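Q: I have a structure I would like to understand better, so I am pasting it below and will then ask my questions one at a time.
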Amino acid sequence: MASARRWARKAERCCCTFATYFPLAFVYGLTSWAVWVVVNIGSVSTKSSWIGTGSSIVGVALYVMLNWCYTTAVFTPPGSTTNDMGYGLLPTQNTPQATSFTVKSNGEFRFCKKCQARKPDRAHHCSTCRRCVLKMDHHCPWLATCIGLRNHKAFLLFLIYTSLFCFWSFAVSACWVWYEALNDQEYIDSFLPVNFIMLSVISGIIGLVVGAFTSWHIHLARCGQTTIECLEKTRYLSPLRKTYNSAHNPANEVPEAARHFVDFHANALPGITRPEEGEERREMPRSYPPDGSQPVQLSYAQREREQRQRRYEEYLDEQDSEKLPNVFDLGWKRNLLHLFGPTPALWFFPVSNTTGDGWTWEASSTWLEARDRLSAEREQQRAREVNAGWGSPDDIPDIPERPTGAGKHYSPSPNLAGPKTMSKADRVLGRDPNLYADATQDVPMQRLSPRGRSIDDELADLDTDDEDGFLDANNPDKAEGGKFSPSFTSDSHRRDDAEARALEVVTNGNWGRGGASGMLRKGSSQSTPTRTPSNLSRSGTPKFQDEGVD
């Protein structure tokens, strides 16, 4: 069984390896065959004047640039929030604070619970690569890797050179087929024109598909967008919130040891030591009243009101997010300079000189103006609602923050100072717990006897009985109205007597430490025959008459 499972895992790894490297072998093999056909067409005499050595040189140059860009795009890491071992990247110098223009679909900051690291703007988690990729465009199966910040330029150049190579191969092969194969019967019985015809068909089809794909990616690069940002709806931070959120969310704090390690090196790691996005729910920090008092626990009506207000705010945020333009569109010139680098001599070569670190992004001036305008409109709308009596001038009522870390699994302690929260039964039956509150039934911390009386009460009764008995026996004259206090009784003796009296829970007084078995022994001793002097032996021991067995 174990051997079969081991072979199954090996087969799975082999299949995954084949699926990973097959696209690479296919691209290298197909392009090599195409350039070989182009060179052969140039070496064959044709009626076309431009097909020859020059066409072969251009084809080889495009082939070299194509494979150079392809190799660079495949083997260049796209950039991630963590390293190869899964640890958060620690910079060697102080970096500026990361910006947060985008949020999750529920309006919260972006955080990856799989990588346990903050996801900056334009970063996404790839399930195939199992890491978060900075400025992720998409995961390309033909490259067997993700297209991100560091290899996006090489990928776009690969598409451009592939399209040019396909169009050039199609032009060379199609011209040869048009001038030679269709007008001359010399090549009918030869196998060489088959490759020429296949190249014209394959290069034409691939050129149309890859050319359209290349045009679309050039348009995205010109607009400052990625494939994910174009196909998916981007949720921006609410206009009423501060764009550069410098406050630390307790839910996003790093462990104590990691924070000490970062502080020791005097580095502030964006995304690890500062808040961001999360697939898990992370509450926004709430402010407390100016007087510093803690908010009381909300009632059911207040909680319903808060939920309605929150849903309404989320609806307005969704509408405002759709009205905002692309925050990363800085103009087509600056967008292309960001992708291809500031050096014009390196624009046509797959050298990674893309500007930026993937953590901080500059916002578009158009987006900032639109955000400020929407913020002013929201404030005016809220003021109109308050004046019309539809809302409260205050924000959503504050509720106590839930504990984070290991303490988030414990139930919060009840707030005794605030009003009582209605239970589910009270809400269903329409009862108010404040009207039918029972009196407190606090039990004092005293030592109680088995019949519910305290030991002090038993001692007081015992003292009274001992005092009365002593007066009756020794001083009958003072027993009627005199006062006497026995001072010779020790406290330990009185406590033992009180404990013995406390154990007498039945009225016959026969219940003692022996319990039920002790009472049975006493009853059996009372039912034994009466001892007479004749029944005593000389040694003084009693003699019992054996009645025998019936």
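Cβ atoms here come from the backbone N, Cα and C positions, even for glycine.
So Swiss-Prot has the following annotated:
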TOPO_DOM  1-21  topological domain 'Cytoplasmic'
TRANSMEM  22-42  transmembrane segment
TOPO_DOM  43-56  topological domain 'Extracellular'
TRANSMEM  57-77  transmembrane segment
TOPO_DOM  78-153  topological domain 'Cytoplasmic'
DOMAIN    110-160  domain 'DHHC'
TRANSMEM  154-174  transmembrane segment
TOPO_DOM  175-190  topological domain 'Extracellular'
TRANSMEM  191-211  transmembrane segment
TOPO_DOM  212-550  topological domain 'Cytoplasmic'
REGION    272-304  region 'Disordered'
COMPBIAS  274-285  compositional bias 'Basic and acidic residues'
REGION    378-422  region 'Disordered'
REGION    434-550  region 'Disordered'
COMPBIAS  457-470  compositional bias 'Acidic residues'
COMPBIAS  491-502  compositional bias 'Basic and acidic residues'
COMPBIAS  523-542  compositional bias 'Polar residues'
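Show me how these features fit into the shown structure, please.
A: Listed by sequence, the residues of this chain that lie at least six past the ends of the topological domain 'Cytoplasmic' (1-21) yet keep a Cβ under 8 A from its Cβ atoms are 144.
Proximity of distant same-chain residues to the topological domain 'Extracellular' (43-56), defined by a Cβ-Cβ separation under 8 Å and at least 6 residues beyond the stretch ends, is recorded for 168, 172, 175-176, 179-180, 192.
Beyond the transmembrane segment (57-77), the same-chain residues lying 6 or more positions past its ends with a Cβ under 8 Å from any Cβ of the stretch are 24, 27-28, 31-32, 34-35, 38-39, 42, 143-145, 147, 150-151, 154-155, 157-158, 161-162, 164-165, 168-169, 172, 348-350, 352.
For the domain 'DHHC' (110-160), the number of residues in each DSSP class (helix H, G, I; strand E, B; coil) is 9 helix, 17 strand, 25 coil.
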